[in-house]
Amino acid sequence: PKHQQAQVPLIKGKTVRETMEEKGLWEDFRQKYPYNPMAKFDSSFAAADEPMTNDADLSYYGVISIGTPPQSFKVIFDTGSSNLWVPSVYCSSQACQNHQKFDPRQSSTFKWAGKSLSIQYGTGSMTGSLAYDTVRVRTRDIVDTNQMFGLSQTEAPFMAHMVADGILGLAFASISSSGATPVFDNMIAEGLLSQDLFSVYLTSNSQSGSMLTLGGIDSSYYTGQIAWIPLSSETYWQITMESVTINGNVIACNGGCQAIVDTGTSLLVGPAADINNMNQWVGATVNNGDAVVNCNNIQSMPDISFNINGYSFTIPASTYVRQSTYYGCRTGFSGSDSNLWILGDVFIREYYSIFDRSNRMVGLAKSA
């Protein structure tokens, strides 16, 4: 059946950072591989024009299958990158030992593409080969034939701590490594979806309940009106933000800034000076890169407003503070040395996000 929508349930898994914190490995790892949440957005990090993917904070994943008969994989649906790749039987890295591996010999629809793939990460890289096969989302619903994807041959050490097996990028073809057509573009080209858009709902606390809707908008996931914001660049889902305010005071993004709506980043990332200022305004103490707050103060901490295209998107402390068993309460803000902002999961949990290709816009509505 053509021209439909498919809903893909997403699971909120532990991030690499959380897993490593629990095992007491994060501090050493962070020293050995300085973590850079901006890595995938900074062309100076990329080999040629290859996008990067934030590694330590990926958490929402869903299941797809590749091949005939189908082989299933857990993938991160990442609006901040554009390639699909999964581990393969040709990979001997540690990360491939504890994840599902694709075996081309078991698929009757598989074809090698004769091209290699290399994606740099904040803490290492993934290399492999490109190939074509059938990708199924929700098994019966959407059958995407002749989809180019990567089979990993080497994977960086941190990937051994990832819950998901691979990554499915939902950004634009212009940043796809080796010119591989992204999954969403291929689905549109094959006439599989009723609308040239997809939307994302992320739950806050529960592991289940998050949803990716391909080809549609699901009104049960939001309340009120959708605010539409034009894209300022067709690479990532990039928009212009006017300012960040607390009680009417500009605390960051003074005079405007560029922001990316990114399901593949857990935190809210911005220039270090702005993030430090935000942390001060909300009363956080910064210690070793972590902005710590007293868990008992959450109720009295201020809302933060992100002012975009004339609308104000407000995030309460209950959303921007993250609580962990081991580290107490920390803000979900992370500083970087780039001017680009990333509105990651901290933001998307509060606002249902619609990624509209045909009208080149992002839609945001209050999550239900």
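Quick reminder: no glycine exception, Cβ is built from N, Cα and C everywhere.
Restricting the average to the domain 'Peptidase A1' (60-365) gives a pLDDT of 92. Residues or ranges marked as domain 'Peptidase A1' in TrEMBL: 60-365.
Annotation source TrEMBL lists active site at Asp78 (among others).
Summarising the annotation, TrEMBL assigns disulfide bond to Cys91-Cys96 (among others).
Taking all protein chains in view, 24 other C-beta atoms sit within 10 angstroms of the C-beta of Cys253 (disulfide bond). If you look up TrEMBL, you'll see Cys253-Cys257 (among others) marked as disulfide bond.
Other Cβ atoms within 10 Å of the Cβ of Asp262 (active site), summed over all protein chains shown, number 31. If you look up TrEMBL, you'll see Asp262 (among others) marked as active site.
Taking the Cβ of Cys295 (disulfide bond) as reference, residues of its chain lying under 8 Å away and at least six apart in sequence are, in sequence order, Val321, Gln323, Gly328, Cys329. The disulfide bond annotation in TrEMBL covers Cys295-Cys329 (among others).
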What is the nearest of the recorded positions Asp78, Cys91, Cys96, Cys253 to Asp262 (active site), using the Cα of each? Asp78
For Cys257 (disulfide bond), the one of Asp78, Cys91, Cys96 that lies nearest, given that the recorded positions are compared by Cα: Asp78
Using a 10 Å cut-off, grab the number of neighbouring Cβ atoms around the Cβ of Cys96 (disulfide bond), all chains included. 22
